[in-house]
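Here is what TrEMBL says about this protein:
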type	residues	note
TRANSMEM	12-32	transmembrane segment
TRANSMEM	71-93	transmembrane segment
TRANSMEM	105-129	transmembrane segment
TRANSMEM	149-168	transmembrane segment
TRANSMEM	180-202	transmembrane segment
TRANSMEM	222-239	transmembrane segment
TRANSMEM	251-272	transmembrane segment
DOMAIN	522-573	domain 'PAC'
COILED	557-588	coiled coil
DOMAIN	591-811	domain 'Histidine kinase'
Amino acid sequence: MVLTRFLEKQAYRLPWQFVALTLLACLLPLLLNLLGVDFGIVNLYPVFEQVGELVYESQQAIVHRFLRGNFIHVILELISIITALLTAILCFVEYGMKKDISTPIIGVALFCAGMLDVFHVLVSARLVSVGPDWSGNIDNFSWLISRCYHALILMMGTGIFLVSSQLRTRQETERKANTYILYISLIFVLLSALTINIIFRIDGVSELYNQNPRITQLLNNIPLVLYLVSAAFILPRFIRKYPSIFSQMLLLSLVPAIFAQLCMVYGSAANFDNYFNIAHYEKFVTYLIPFLGISLNYQQMHRTERLVIRNLNEEAAERKKAEDLVNGVLNSSISGIIAFRSIRNEEGKIIDFAIILANPSASRYVIGHYDMAPNRTVEGSRMSEIFSHNFKDGLFDKYVDVVENNSSFRLQHNSSAIAKWLYITGVRFQDGLVITFDDITERKLAEERIQHSESLYRSFAKNMPSSLIFLFDKELNCTLADGSAFDMLKLKREDFVGRKFADTFDKYYMKLLLPLFERTLEGEESSLEVKMRGMLFKVHNVPIRNTDGEIFAGMCVAQDITDVKNYEKELKQHIEELNNSNRELEQFAYVASHDLQEPLRKIRAFGDRLISKYMEAIGEDGRNYIERMQNASARMQKLIDDLLTFSRISRTQEPFEPVDLNKVVLEVLNDLEIAIESKGVQVHVDPLPVINARTGQIRQLFQNLISNAIKFSRDDLPPEIHINSQVPDPEKKSDKRIKITIRDNGIGFDEKYAEKIFVIFQRLHGKTEYEGTGIGLAICKRIIENHNGSITAYSHPGEGATFEITLPLKHDRNS
């Protein structure tokens, strides 16, 4: 694990997972050897004189045992060669997609190494003759040649890309790259063929390799040296220059190649023994790792291609969103936006600008204020054709400076061509600039009006007694401070003007006032009371708007209300005393009314006895007197009852609860059923809401109003009563009151008495004409007041009356 971490962190850049798997694949046969597994095959040459004397089955077994080692050897070599061929094919497939010429060159190098392995198989199987003068172990020599060639061809295939950096430029055109690959491939193939022919045609090679053991050992170590040089110097640089899974796996393939050579040189003692077969297995792993590398490379490339396609699609979608956003901003912007492209002469000097883009606001403004030729659009025109005055008033030079020096500007410009004030900003864009402009003529005029207003405010402040007046801008800078209270509080006006309030007021006052100032600039009026140096001030904050309704400043007026507060305290004390007196009067009225009922009952009782027992003795005049006394006592009883009701309403603290007005009105109509039927009254009741109220009082309210409508009906017109309601709009949170209307077509009254009718004992008609005590409507008004509502009457003589009642939908249950 330490080795793999080291390889991953160093220049090799090899993932530790690949390194671990490669080491496991290389060490697996050796580990199996430790467990007792032997991969060797005893390959005894048969004595043919003895074989001929054996039966056919025995002869077949001896020949099979003799050929088994060769067969396994050939199978391992063929698998390695086929793997090299498939690797070369996949390298060319990847080149067709990535156009990286290093990959097919390496593939050709591996294929050429496989050609030498083909020759090794043919020689080992005795299918090719290498000459009559050859003696010794031809298998080991052909192995050495194939391994040396494998190491050299890899060094050449990767080294050519390190010698010259210009080789990558051959990918500039596909034709040049294909030609380069063709030439290198032909060179490698010819080099493989020449190597095979030259090695086995040189005289003395057999004696040199077989007769001197030291030379043999030295020659057998050449592939090891070449592999180590490649691993240490060539392939790491190649990986850094051409990073890919394939290049990393190419370096890892040197590990089994080194293992194979070590097993063949220092382990194998005879053909087809344990280490001989392990060496050929390691050779197969040597070819398998690049094959896996190019396969993983292809898989990674496919995955990357899908990721790139997805990213491109996302980028295209984002670009489309950005374009839509830019177009939306341009089209919805109330500011004019114009993009100019520079027009230069032959010396490169800017002589004019062409308009390449103008948003709708800019187009409308230009067409509406500047002289333009008929059928000419803003886009496509030149500055000299529309804004020729810019060359005279210096704007053109500012535009040129923005383009040439990559600068920007902001300015207020009084355009003489259209007699307008414009606020213009300009920034460079490619070989031109973009300007944004707004018509600030109204604002400039407003500034003049503000200056005039400030003088008015100063005059107002000086003449307003015991006050402080401040004006502040949107940055909470004080622009005006005046008022007679400055002298009373021993404050200096100059300590405030031109400074932020946070730097002038104490922290205590800023904690109170600063949030209110901020809300004032948002359009909210506010008030609070503040004590300062023994004086109490009523502070009122209001926003100041221009003619367009935009808030540009705020005003704070602090009025000394010390004396007013003292008067309010006295007034509250008097009101409390008056309320106490009223409560005492109500209590007295209740007690007095209650105590009057007992003697009144006796008067009526004795009058009834006089009529029933002494009628004949009294005579007709006496009877008349008694009847008049009884009528007066009945009226007195009615008056006392109404007074008790009035007093009870004033004193009762009945809790608030949900009241269904539909149910209340239905109960009242049932109670008045006889009076309704006797007069033929038509009552129309629209659906009414449920409110939070005192049930008994609300029932008394409708009882009095409906009975009045019945009582004061006209004789020449069928009586009608209409009852409806208006529920508040749920979207208006501030509107939480319900309006109930009771309208009749009775005799009506003069509207100048609209207030008088709610006063206790006030009557508009004689007692003989319409019965009553004059307390009913006073009770109604008291009930409405108990519910924090209002009642208003509208009428004209002979046209009926309308009573409008306004009540809150909800009350606190404990109020």
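Every residue gets a Cβ built from N, Cα and C, even glycine.
Automated prediction, rather than curation, is the source of TrEMBL annotations.
With a cut-off of 8 Å between Cβ atoms, the residues of this chain six or more beyond the transmembrane segment (251-272) that come close are 12, 14, 18-19, 22-23, 25-26, 40-43, 69-70, 72-73, 137, 139-140, 143, 147, 150-151, 217, 220-221, 223-224, 227-228, 230-231, 235-236, 239, 278-283, 285-287, 289-290, 293.
Among the recorded stretches 12-32, 105-129, 180-202, the one sharing the largest number of Cβ pairs closer than 8 Å with the transmembrane segment (222-239) is 12-32. Within the chain carrying the transmembrane segment (105-129), a Cβ under 8 angstroms from the stretch's Cβ atoms is held by residues 70, 73-74, 77-78, 80-81, 84-85, 87-92, 138-139, 142-143, 145-146, 149-150, 153-154, 156-158, 160-161, 181, 184-185, 188-189, 191-193, 195-196, 246, 250, 283, 287, 290, 294, all 6 or more beyond its ends. For the domain 'PAC' (522-573), the DSSP counts in helix, strand and coil order read 12 helix, 28 strand, 12 coil.
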